[in-house]
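Participant: So Swiss-Prot has the following annotated:
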type     : residues                                     : note
ACT_SITE : 87                                           : active site, proton donor
ACT_SITE : 226                                          : active site, proton acceptor
BINDING  : 11, 78, 88, 89, 163, 199, 217, 218, 227, 228 : substrate binding site
């Protein structure tokens, strides 16, 4: 069983090319593969398939709204084995892999997800590096919320980016204080407001068009980056200045991305790196089913 390993601003993934969607992919197998000691190690799994194949194989019960049968489909799983609606960094890496592997030759195409279609533009791609913009769709502000992160109580803005986020901007937080915050510890939030959990971003006030951010992803813990989280952070940073639209650089531990919030949509541009490829032992894979 072949695989590739890649990352988008150090949010890392194992890619499993499975165009016909024939691969068994249990929660236990995903968790084992993502384990950094007994598996390959990753923040998540990206199964590379098509929307019609995913439906035919029962991976999807039906096509997500706006996704066409012939679209590529990113079957994304969190490191704990749960299914996730969207991952902006994952879409960039997914699109990069399609180009690098020769499965796709176009510069512009659509990647389907549980959250709907995500059009991508590949500005550059070689076997190792790529620069990709993802149309993330409209990010919707849902209202205020609160979280406790690393013992610090924070107020934030709930944002739907195809998955739930609580982006907490603390105007008194310096980049140095943000770096020292224990974002990896369990976070507290209102479970009535977020019954399926929430991704929590902590960010500084913007300075010279840049905001610094760290994120605790549901089902994973702290990651070096979160694409949808950077969009939520940009929405919150703009809102704090009384703005609905604008372009910001979001600086996460894994690097910088550019987020453009418009009236109609949100655009996420950033790098992708393909690190390795190889084969997973079939015997090991079978042993992880239980």
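Residue numbers in this text run from 1 along the chain shown.
For all residues, glycine too, the Cβ spot is worked out from N, Cα and C.
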Participant: Please report the DSSP secondary structure of the residue listed as 'active site, proton donor', reduced to three states.
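Facilitator: Where the residue listed as 'active site, proton donor' sits, the three-state DSSP reduction gives coil.
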Participant: Near the substrate site, what residues other than 11, 78, 88, 89, 163, 199, 217, 218, 227, 228 in the same chain have a C-beta no further than 8 Å from the centroid of the listed C-beta atoms?
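Facilitator: Nearby residues not in the site list: 84, 86, 87, 90, 215, 220, 223, 226, 229.
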Participant: What whole-number value in Å do you get for the largest C-alpha pair distance within 11, 78, 88, 89, 163, 199, 217, 218, 227, 228, the residues recorded as binding substrate?
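Facilitator: In whole numbers, the farthest two Cα atoms are 17 Å apart.
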Participant: Taking each of the binding-site residues 11, 163 in turn and counting other Cβ atoms within 10 Å of its Cβ, which one has the fewest?
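Facilitator: Lowest Cβ count within 10 Å among the binding-site residues (11, 163) is 163.
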Participant: According to DSSP, which of helix, strand or coil covers the residue listed as 'active site, proton acceptor'?
Facilitator: coil
Participant: Please classify the secondary structure at residue 217 (substrate binding site) using three-state DSSP.
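Facilitator: Strand, per DSSP.
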